[in-house]
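Take a look at the structure below.
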Amino acid sequence: MSQELTAGKVLSPSTPWTDRQVPGIQVADEQQTFKATFTEPTIECPECHALVTRTAMSFNAYVCPQCDEHLRMRARDRLNWFFDQVNGELGQEFSAKDPLQFVDSRPYPDRMREAQDKTGETEALIVMQGSLKGLDLIACAFDFDFMGGSMGTVVGDRFVQAAERAIALHQPLICFAASGGARMQEGMLSLMQMARTAAAIQKMKEARVPYLVVLTHPVYGGVTASLAMLGDVHIAEPKAMIGFAGKRVIEQTVREKLEEPFQRAEYLLDHGVVDQIVHRHALRDTVYRLVAKLMNLP
Ligand SMILES: [Zn+2]
């Protein structure tokens, strides 16, 4: 008999068989306490604090199975979940530069490298081509984990390229927005992306190519002030925070206390900023239905 099976018990020929351990079955004794251990990495729901395994979360599109909270989704997960089939990624040839040689507490290239190591992405916007229910389309998603999903020149480059490709192929463009705004390390150049992306969207409108925006938690600043508010239809996820300036900044400016639903998707729906709030599980169907309608498909 192996050592661990008999651990804690002395076996001698005089031990009655009723006291002998059964091989392969662990018995708790005073030294040994059983603890529930997860063999898989888990995610804690920020709302109800339920621990859910990463696999279960990913199968549920990062919606908490306990309380229906919509957790933030990484850009790549988002696009892989959204498409039935991915045919390729666009804009990988663009890479960030440091034209202003910007240093705040640390140099910009250091922050960039850190974000790349942390996320495994090269920039905060990912663009993919693929099909949804047999319909070819282009979709882009912001990765909030990459420097707060901030919009620098590369994000602008990738978005404009996605829009141009959408026009050339006459395919709709879907944008999953999640951003803190413009990237301050690129100064004026990042603000320029607001005008660039707005111009690209205008070209899409002239070419009658549908452009849909899905506002996910959170969307702020220069992204709200440009590409995220120029869609043909604006869909928001439940409880997403959407605004230009944050609540605290507005409170200090207008000297008024703002109540909780302020800047939440539900509040914005009541005030006409967003067209529809859609549960994540219904999002693919809704986007498909809207696009088919806008493109006069049967
Ligand atoms: Zn929950």
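Numbers here mean position along the shown chain, with the first residue as 1.
Any Cβ shown, glycine's included, is placed from N, Cα and C.
Per TrEMBL, the features are as follows:
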- C45, C48, C64, C67: Zn(2+) binding site (BINDING)
- 41-298: domain 'CoA carboxyltransferase N-terminal' (DOMAIN)
- 1-20: region 'Disordered' (REGION)
- 45-67: zinc finger (ZN_FING)
By a simple count of other Cβ atoms within 10 Å, which of C64, C67, the binding-site residues in the record, is least packed?
C67
Near the Cβ of C45 (Zn(2+) binding site), how many other Cβ atoms are there if near means within 10 Å?
18
Quick check on the zinc finger (45-67): DSSP residue counts for helix, strand, coil, in that order please.
6 helix, 4 strand, 13 coil
Check each residue in the chain of C48 (Zn(2+) binding site) that is at least six apart in sequence and keep those whose C-beta is under 8 Å from its C-beta; list them in sequence order.
C64, Q66, C67, E69
Taking the centroid of the Cβ atoms of C45, C48, C64, C67 (Zn(2+) site), which other same-chain residues have Cβ within 8 Å of it?
P46, E47, H49, A50, P65, Q66, D68, E69
